[in-house]
Protein chains: 2
Amino acid sequence: MAESMKGLHRTHRCTEVSNKNIGETVTVMGWVQKSRNKGGIVFTDLRDRSGLLQIIFEEGSISSEVFERAGRLRSEFVIAVTGKVESRSGATNENLVTGDIEIRAKELRVLSEADTPPFPIEEASKTKEELRLKYRYLDLRRPDLQKNLIMRSKVATLTRQFLSEEGFLEIETPMLNKSTPEGARDYLVPSRVHPGNFYALPQSPQIFKQLLMCSGYDRYFQIAKCFRDEDLRADRQPEFTQIDMELSFVEIEDILDVNERLLQKLFKEVLGVEIQTPIQRMTYKEAMDRFGSDKPDLRFGMELKNVSEIVKDTEFAVFKGALENGGSIRGINAAGQADMPRKKIDALVDFAKGYGAKGLAYLAINEDGTYKSSFAKFMTEEELKALVSAMEGKPGDLLFFAADKDKIVYNVLGALRIEIADKLELLKKDDYHFLWVTEFPLLEWSEEEERFTAMHHPFTMPMEEDLHLLSTDPGKVRAKAYDIVLNGTELGGGSLRIYQNDIQEKMFEVLGFTKEDAYERFGFLLNAFKYGVPPHGGLAFGLDRLIMLMAKEDSIRDVIAFPKVKDASCLMTEAPNVVDAKQLDELGIGINNNLNL
Amino acid sequence: MAESMKGLHRTHRCTEVSNKNIGETVTVMGWVQKSRNKGGIVFTDLRDRSGLLQIIFEEGSISSEVFERAGRLRSEFVIAVTGKVESRSGATNENLVTGDIEIRAKELRVLSEADTPPFPIEEASKTKEELRLKYRYLDLRRPDLQKNLIMRSKVATLTRQFLSEEGFLEIETPMLNKSTPEGARDYLVPSRVHPGNFYALPQSPQIFKQLLMCSGYDRYFQIAKCFRDEDLRADRQPEFTQIDMELSFVEIEDILDVNERLLQKLFKEVLGVEIQTPIQRMTYKEAMDRFGSDKPDLRFGMELKNVSEIVKDTEFAVFKGALENGGSIRGINAAGQADMPRKKIDALVDFAKGYGAKGLAYLAINEDGTYKSSFAKFMTEEELKALVSAMEGKPGDLLFFAADKDKIVYNVLGALRIEIADKLELLKKDDYHFLWVTEFPLLEWSEEEERFTAMHHPFTMPMEEDLHLLSTDPGKVRAKAYDIVLNGTELGGGSLRIYQNDIQEKMFEVLGFTKEDAYERFGFLLNAFKYGVPPHGGLAFGLDRLIMLMAKEDSIRDVIAFPKVKDASCLMTEAPNVVDAKQLDELGIGINNNLNL
């Protein structure tokens, strides 16, 4: 039975009651965490979003009807209780904020009864994620998910507050847009009024925010929903949220500065963590050379070393071949790991192969100075010594080497470095290492399309000192682009934008767009640029990833209220679903027959 | 040519410079509003989002190269100027914040040249809206649009701040949802991973916010994008923005109270307008009886009067017929309008016909007490006298009467009342009259579907005193629902929700849903309700309309950065558009052949 709360007024949330209220009569409402009768007293733990509070119903001191009803309380019943705040009669519960008090109930209303939930509502749930997602409305009752969503709300609020104070305007950009097939796959929306035509959901507000700069809004931001119809990974969702911003009349330093202060504020006020500014900076080239990654995890060392020069005269076929093919040999030093069992080393070799390596050479330096190695027999003692010395190898260390084209070597050792650190438990989640990676390549060669594509997007400004290379050696042009990296995760990125028509046209030319192509896709932006455009640039943070790291979670699904799973479906609502034929008729579309539905 | 701003740092926005800075050297950047050479001095008005600032370039006192470049400046060029702040040499310009100062320029960089825009960038533009929307990026430079969007940003910021302080959490709900064909038409999104299946864009976060209450989040809000694929009117857009909220453990008073305080804060801080609280309340029935509308405009009187009783014995066929058909005769008094020319009266009769009236009876009371009337000849002197007296008619007044079924009479007179007030210029935009309309009918009869449909939505709580009518006379059941009305516009609405499974099932039954139907559509919500649900309710404001009224605009397009037009297209981006066949193939959909594209 569901009673009404008519005439009742909640006076406190559970943990808003404290020993300062002793003697007062309060009314609290929430869910029964658990309830048990112990010798004529019913002890009920009441839960709301603030936490837990103990209620006692004592036989004799309340009406027998109330006591009887209290005896029937079960987990997840929703109740309203009026009673007096008292010091806890039993031992203080140190685990609870309200552990030194209890409410001696006088009145009880059962606002809603509850079936037994399919899994317990508790922290650090052991329940399979699939079941939790199906019953997300119950999963969301768990204190750890509540903590995450409360943190998310706080981060959004602080972000808005900070950016408003810095002169940013929050301006909404449209969701129903034109499809511009450059970059990821668009989600399309059929038009009923214009049958055969489609809107696209935004992959980002990129073009609109640049238009707003052309329109003189000076500083824009938005916490914006974005969409990409790509195959999902653990840190991807079909819809995700960006803290998106754009600034006029600025250079790179201005953008980095305001964002460093934003991060500083968020980490300070939400986590109590001090971020030192300026945040460390590193060029893309240096990041690749030292860490084999454009988003290096700086929580530990184990840097890559290029030993190509050391072994350039070796007869070891693997090394020799790599060098002959224009590649390199690089290594990392897993210090103190010389006694890693062969089985684990083999697992790492397999891991490396997953990243494109043909193999992985290793060399363990025994405590007595001798080597145990997969390739020592192919090299001279002198070569080995030089190699170990270049790697700063000491007795007890374990060295790994990859030999291949640079791209593969970086990829393999960059991933191996993280894998080893993870196995060695070097990746502490409360150890925050920020990094700006700068001077990204402007373009990357697409083997698939046999043309250069924009690494960031086609509006990214090239570095002035590389402008002359646009015609002669486009792959070498660096961009005024930057990523913000936290503990090996790319949190966000941005760039200065091209605001000169001639450079923009050149850029489209390099990308292989005809002028017609370019106007077909981005005509309104190119037209806007004819009427006076300020120098501008911006940045976007992935809010989901930022909260994931702040909440020390491994999946962004744990910081999104209603996430989707790998196949982009929602286990709770069962979206997407089949719709009425009438709806499709109105849109002028049909489902292809060959689908065999 | 586009010069770089390298090495330059903007020190102020235009109107941040004041006479307190006299003697200082500043660097300002922005757009040239206008520029003219007057006797060896180039006067340039520089514009940014803050306003205008006068720059002077004096021949002789600066390098001839800078002076020459200044001479070439044209409207909308983007420039950076460094110079000294001085008292204005000419007369003070009272219209400008910076009217008593000017910048004596030393340096000038032209950051971007500009073509002549297709229309002037000025307030109160006379340019056709179509052209303005095509070049929205230029239209958005106009100070009045900038003012509106800055106000919008401020309202959103204040709303978030207020609701956060009141214990609300901002929680994002998904955009890619399940289609539930109840209410307006959904925008659909084809799924690539599940061909033949579709997501729907949310018409509102209704179900998700109720789930969040089930999950214990206690107070939720979101400034949420919502979508309805309906034919557009002046105050509708395919995508629109709601201030959406939901609260647990509350009764109606709690919800109204927090929203009154929100509105009070917004109007005070943004417009300097004091709203008196509590805001006036009126039942739906009273609103219809007195104003013929469920969103009465209280800026003026001209209330409806039911004169059925007065004329119940008349032989006048129109009145007699209406009464015989179970209808009523009601009138309004356009005080002082007795001398309205016949042509204008005829126009009002036509206007009434547009709202379903078969005709409109009128009676003018001449200054000498005689009548001029369309129906006086059908009635006795006594009847007319009684009628005039009931309408509180005085010499000089003009009375209008509608006779029909109640629904039509309300519709006609409600609209006529506004039309007359508009013609008489009684609708002052800075005169804000708020009203809560309460006790809405729970259901309305749909002639088309031959069943009751939910007036609000199927989760709206019936009033307890009417619960027994659900089975016997559902049309009479009143709901715990309320709308907030401002000056005749519905700003928002909400309700307490059903949290009892038995009432919810009854509700679905009345709506003609089988249990299977109900579970097919809302199963996850109904399931959630099994596990303990708190009493809850909420409200949603139309943000676009709120800003429109606050900005004293007539169209929501003037408070949306990139609005769509009547056919749901965007004149700037030309969305929706035709997409590649490959994109459709991947989605497993085709365009119906009979479209003849």
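We number each residue from 1, going along the chain as drawn.
Every residue, even glycine, has its Cβ placed from backbone N, Cα and C.
Whatever TrEMBL says is automated annotation, not expert-curated.
Going by what TrEMBL states, the ATP site holds A:R228, A:D229, A:E230, A:Q237, A:G542, A:L543, A:D544, A:R545, and the candidate of A:E172, A:E286, A:E490 recorded there is A:E490. The feature region 'Aspartate', as given by TrEMBL for the ranges A:134-137, A:206-209, A:298-301, sits at A:206-209. Residues belonging to the domain 'Aminoacyl-transfer RNA synthetases class-II family profile' (A:151-563) score a mean pLDDT of 94 in the model.
A simple Cβ count within 10 Å picks out one of the binding-site residues A:R228, A:H456, A:R497, A:R545 as the most packed, and that one is A:R497. Around the Cβ of A:E230 (ATP binding site), the number of neighbouring Cβ atoms within 10 Å comes to 13.
Note on the region 'Aspartate' (A:206-209): residues 173-174, 180, 220, 222, 244-246, 457, 459, 522, 524-525, 538 of its chain, located 6 or more positions outside it, place their CB under 8 angstroms from a CB of the stretch. Residues A:R228, A:D229, A:E230, A:Q237, A:E490, A:G542, A:L543, A:D544, A:R545, recorded as binding ATP, reach a greatest CA to CA spacing of 20 Å. Residue counts for the region 'Aspartate' (A:206-209) by DSSP state, with H, G and I taken as helix and E and B as strand, are 4 helix, 0 strand, 0 coil.
The shortest Cα-Cα distance from A:E490 (ATP binding site) to any of the recorded positions (A:G90, A:R228, A:R497) is found for A:R228. Cα separation, A:R228 (L-aspartate binding site) to A:L543 (ATP binding site), rounded: 15 Å. Comparing A:E230 (ATP binding site) with A:G90 (site 'Important for tRNA non-discrimination'), their Cα atoms are 56 Å apart once rounded. Under DSSP, A:H456 (L-aspartate binding site) is assigned to coil, being neither helix nor strand in the three-state scheme. Every protein chain considered, the tally of other Cβ atoms within 10 Å of the Cβ of A:L543 (ATP binding site) stands at 25. Geometry remark: A:G90 (site 'Important for tRNA non-discrimination') versus A:R545 (ATP binding site), CA distance 44 Å.
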